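First comes the structure, then the notes that go with it.
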Amino acid sequence: MDGGDDGNLIIKKRFVSEAELDERRKRRQEEWEKVRKPEDPEECPEEVYDPRSLYERLQEQKDRKQQEYEEQFKFKNMVRGLDEDETNFLDEVSRQQELIEKQRREEELKELKEYRNNLKKVGISQENKKEVEKKLTVKPIETKNKFSQAKLLAGAVKHKSSESGNSVKRLKPDPEPDDKNQEPSSCKSLGNTSLSGPSIHCPSAAVCIGILPGLGAYSGSSDSESSSDSEGTINATGKIVSSIFRTNTFLEAP
């Protein structure tokens, strides 16, 4: 009995009576009156019959919701315009960055200028120092050269050659300061026994006073035909004061 009653209820639900349809139509009309606009028709439109199964209709609703969700979180929909507060904030930040950059450039230029000025000062001081060092180094070299020349001339040897064959004579320093008074006269009378008559000895026109660096008094060759003669005077410090080179010229008396 119970099983038969359940079967009858299921069969009854499959069939809808005219009264139920009228009641549903009346309910839809009431709802339509609530949402109806002036341009809409007065009567509620009939429901469109959908021959699809329940599964297909549910699947369609699910797909529709998924599309709406994806459309909401797309990248192009996430981009939006900036409002006024945000633009003001960004302008302030950019202005502060420009000020900081400007200050940094000014500091760099100032440091470069100071560095160049210091380099110029150091360069000038180094040049002055080099000039002073050059002066200090040149003076000892000159004194050293003078002493070395004096030492070299102190041991110079003079060879005197004549027809009579005189011996070698070494130069010696003269203790007397007045050396010019010892210069011989312009002409001398030589009494040479080897010559037949009296003769007059006259000096040549070339007279050398002082010395040149690196030069000493050297005698001529020991040949008996050489008739040149040189005499020098050396003071107490070993420096030649005057040197007279003569050429023996023998003139017969008239």
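Cβ coordinates come from backbone N, Cα and C, glycine included.
What Swiss-Prot lists as N-acetylmethionine is M1, and the listing cites a large-scale study or a structure entry.
According to Swiss-Prot, the phosphoserine annotation covers S17 (among others), on the basis of a large-scale study or a structure entry. According to its DSSP assignment, S17 (phosphoserine) is coil.
Residues or ranges marked as compositional bias 'Basic and acidic residues' in Swiss-Prot: 22-39 (among others). Across the compositional bias 'Basic and acidic residues' (22-39), the DSSP tally of helix, strand and coil residues reads 14 helix, 0 strand, 4 coil.
Taken from Swiss-Prot, the feature region 'Disordered' covers 22-52 (among others).
What Swiss-Prot records for K139 is N6-acetyllysine, and it gives a large-scale study or a structure entry as the kind of evidence.
According to Swiss-Prot, the region 'Disordered' annotation covers 155-195 (among others).
What Swiss-Prot lists as compositional bias 'Basic and acidic residues' is 171-182 (among others).
Feature annotation from Swiss-Prot assigns compositional bias 'Polar residues' to 183-195.
Swiss-Prot lists 201-254 with the feature region 'Interaction with PSME3', giving experimental evidence as the kind of evidence.
As annotated by Swiss-Prot, phosphoserine applies to S222 (among others), with the evidence given as experimental evidence.
What Swiss-Prot records for S228 (among others) is phosphoserine.
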Mean of pLDDT values spanning the region 'Interaction with PSME3' (201-254):
50
Around the Cβ of S17 (phosphoserine), the count of other Cβ atoms that are within 10 Å:
9
